[in-house]
Structures are given as structure tokens and as C-alpha cells.
Amino acid sequence: MTGFTDDRRKVIGILALQGAFAEHRTALEKLSCHRRLEVILVKTIEDLSRCDALIIPGGESTTIALLARISGLLDPLRQFVKVKPVWGTCAGAILLSQVVENGKKGGQELLGGMDITIARNGWGSQLESFEAELDVQGLNDPKRPFKGIFIRAPVVLKLHQSSEDHPIQVIAQLASELLPPSFDSSDHSDEPKNFVALRQGLHFLTTFHPELTDDNRFHDYFVRECVLGRS
Ligand SMILES: NC(=O)CC[C@H](N)C(=O)O
């Protein structure tokens, strides 16, 4: 609503079915603006209904989706994604994607939200886990690189055509020379395999784990741009 100021603290939920949810809570609590936030762990439909925004942590996307179905959260989460800001990290990024490749045999349930195709475990067994400095032009203090921690991370394969209202913005990239050999220049397509943090409209995804570092610039970005910036 134009001109409306909301003095209530924003409630940020962290989906707490499986994975690195506790680390996200710690990172949010260290933000300078944390007094404007209430951070809650989300395990039930009632928890979700209190949230103004949600973080879906890393872990195992198939397990998180299964537990969401069992706890009756899957459809409420799909509704939530349509109207409120969501940040997905790693497994959470997979859940936020529209299409997954290399998903679980027999199919894998997604929430959608970001118009992209993502490859689960996209780095393969060769580079299951690695750390790399990221170019973070979309963050505060952009000249300072960010240590990206990638753990069986997904790879963004394709940005789908998105409407002018909701363009996809690249927030962080991995230097091309850090891509595994299977992604080198022999692949002449312009698919964006080095895009590791993207924003589209309300939503934000990182294919790595900012919550496992002491650098909370991605948490600051999500809160500032997607949550508080909307009041
Ligand atoms: N660190 C992670 O979140 C790993 C994601 C995991 N490979 C999945 O499919 O969900």
C-alpha cells in the first residue's frame, strides 16, 4: 500500500525440516538491523503463516521436499512463494527453481519461484565440495570478494525468458576459470553456469552456503532488498 509504514518487526522464517537452518539463524541475529526482525524456525503450517519472508536452507532437496509433504507444508509453501520473499541456499535453491535436471529418480517436487533450470549435484563427484572467491557486484562492499562454500552444489543451467517486470539479476559469479573442466569453453552455449547468486522479483538464490561463513553480506542483502525494502 503506497505510503504505508509498517513498524511491526518483520518475521523471517527459516524452514527447519532438515539441513543448515541453525546457521542461518545465527547469521541473521548478527545483522545490524536484527532488531527490526523476528527470526523463527518453521516446522508447521502455523509457523509459516506468521512469516513475512522465508529462508530455505541447504541440506538435501529431496528430503526437504519429502518432509514438507509429510508435514502438510508443501502446498502452503507453494502458495507462500507466489506472494512473499524467499531465499533458497543450495538445496533451497533447487526447491526454488522451476525445472531441475539430475533430480531424484521418479521425479522431484519443487516449489518454483525462479524462472531457471538448475542441475542438482551439478559439479559431479569430481568437485563435490570446494571453496572459491566470488565476484559479488550486487552486494555491499562489492570490491571485497566473498568466500563461496560449495557442497554438492547445484549449477544454474538456464535462465528462462522472464517478463520485464521480473528480470533475473546476477548478484554473484564464479570466475569462469574455476568452472570444472566439463564446463569449459568446449561448451559453446552461453548458458550461465558460473552464475551462483540470482535475484528475481521477491526471490533470491545462492547455490553455495553463505551461512557457513562469518560474512553475512548475503543475509544483509536479502533482508535489506527483499524483506525490509518492501515495507
Ligand atoms: N549442500 C546442499 O544443500 C546440497 C544440495 C543437495 N545436493 C541436494 O540435492 O539437495
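Just so it is clear, glycine is given a Cβ too, placed from its N, Cα and C backbone atoms.
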Listed co-binder of L-glutamine (same site as Gly59, Glu60, Ser61, Ile151, Arg152, source TrEMBL) among Arg25, Arg35, Arg120: Arg120
Inter-residue Cα distance where the pair is Glu211 (active site, charge relay system) and Ile151 (L-glutamine binding site), in Å: 12
Subset of active-site residues (Cys90, His209, Glu211) lying within 10 A of Ser61 (L-glutamine binding site), CA to CA, in sequence order: Cys90
Between Arg152 (L-glutamine binding site) and Cys90 (active site, nucleophile), the C-alpha gap once rounded to whole angstrom: 8
Recorded positions whose CB lies under 6 angstroms from ligand 1, from Glu60, Ser61, Arg152, Glu211: Glu60, Ser61, Arg152
DSSP three-state assignment (helix, strand or coil) for Glu211 (active site, charge relay system): helix
